[in-house]
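As structure tokens, the structure follows; a few thoughts come after it.
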Amino acid sequence: MVPPRPVVHAAVFALAALQALASDTFIAAVYEHAVILPRAAQEAVSPEDALALMNKNMDILEGAIKEAAQQGARIIVTPEDGIYGWVFTREAIYPYLEDIPDPEVNWIPCTDPTRFAPTPVLERLSCMARNNSIYVVANIGDKKSCNSSDPSCPSDGRYQYNTNVVFDSEGKLVARYHKYNLFMSEEEQFNYPKKPEAVTFETPFGKFGIFTCFDILFWEPAVVLVSELQVDTVLFPTAWMNVLPFLSAVEFHSAWAMGMRVNFLASNTHNTIMSMTGSGIYAPDGARAYYYNMKTEDGRLLIAELDSHPRLSPASPPAVNWSSYASSVEKCIQDEHDFSGLIFYDQFTFTELTKPEGSITVCQKDLHCHLSYKMAEKQEDEVYVLGAFDGLHVVEGQYYLQICTLLKCKSTDLSTCGQPVETAQTKFDMFSLSGTFGTNYVFPEVLYSDMQLAPGEFEVLPDGRLESKNSTSKPLLTATLFGRRYEKDLKHPLRNSP
């Protein structure tokens, strides 16, 4: 049957309207927030006092949201713990929690605030999104009652979740994510969901996924969202404590976006006492905007333009065979000058760069790391090493790593190699780093002195080499290939059903 002409015209018009709404690029925002903390996070307060504290933080977030919208941003990400802070007992955090319904209920809290149990925080966040016509991403706490019929029900009769919520530009709740990989003893006030959640939502400017902080280091949900569900952009509220030389926020988050070939919007809390800073808007070809500040207690709004579908962009990096080049290099032989050293409790094998230029290899187990380099302005009081680690990391979680790294030691004493250092004076005319990785999940990091990234100054070749394009514009702290062997990970109680 041929549809009537008006119906055909209506269908064509609707399709044209959808195509017009779709965007090749969009403006994104993240806000690093210096959170106002409760005076006594270990003691329970009244619901009124809890809401008063959260409103103080939301006052600041609302200002950032308005400014972002005025500058054309379509979406803004705010930090983990950005509304009430952290280090709560299970009892003390309860007054700050709300019962967050499943987004399938099709709810705009701003226009229908009494539909569910009292949810003043959800209502206010919804109104921020609706009044400014912008997607708003926030981190709050969810509570769900349970009883003895549920064998996993906590003794206090409720589940408590570290939760991200997303409101669209109309104020509708479109996503809810419960953090799956809790940060060990630091989050004993929360439960983890019985099954990992892979949360996505569609917009006119791409497909989005969301997870929280420590989740980034594990297969579920982080890799599932990118590799299996093919999201374009990942939203990442975090409370990230910087750990050098590989896990400072800006270097690792930028590297993750490059390694996973997606956009990555990372919003960190700001607290210098806790070493929390480092937010950014990252694309597969490098950082578009980032912020790192350990000197003052200032927040910061970042805004940048991104490709809506980065995999389709001409700037998208080519696919990489991470072990191709290094596998062709002559196998290394144990050198008498090799030595061991610790980086974040992992025992690396190091070899020193004793000459101003050359090619060297260092090995550990199945990982062979190869470096070609030429130093410029070499400082006599600075020592650089090539390091390799192939094994199980066991400190704040258990996960398998393969790491090749060129890094500056803290001093000329080789026992300091691997210790945190933020400044350097030595530049490199060139470097080329590669390794025989047993994984396709490798994240390329380059960090300059004073915690500065190097967007546009290095590239990853299809054969797995991380190379400088020209001389480094600033002294080098580290060039690293950080590999994750997810398939070898041990079972962990935070990543399996109770």
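Note that Cβ sites are derived from N, Cα and C of the backbone, with glycine treated the same way.
All annotation found in TrEMBL is predicted automatically rather than curated by experts.
Going by TrEMBL, these are the annotated features:
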- Glu80: active site, proton acceptor (ACT_SITE)
- Lys179: active site, proton donor (ACT_SITE)
- Cys213: active site, nucleophile (ACT_SITE)
- 36-308: domain 'CN hydrolase' (DOMAIN)
- 1-22: signal peptide (SIGNAL)
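It is 9 Å from the Cα atom of the residue listed as 'active site, proton donor' to that of the residue listed as 'active site, nucleophile'. If you measure from the Cα atom of the residue listed as 'active site, proton acceptor' to that of Cys213 (active site, nucleophile), you get 8 Å. Its Cβ taken as reference, Lys179 (active site, proton donor) is surrounded by 27 other Cβ atoms within 10 Å in the chains shown. The residue listed as 'active site, nucleophile' is surrounded by 25 other CB atoms, counting those within 10 A of its CB over all protein chains shown.
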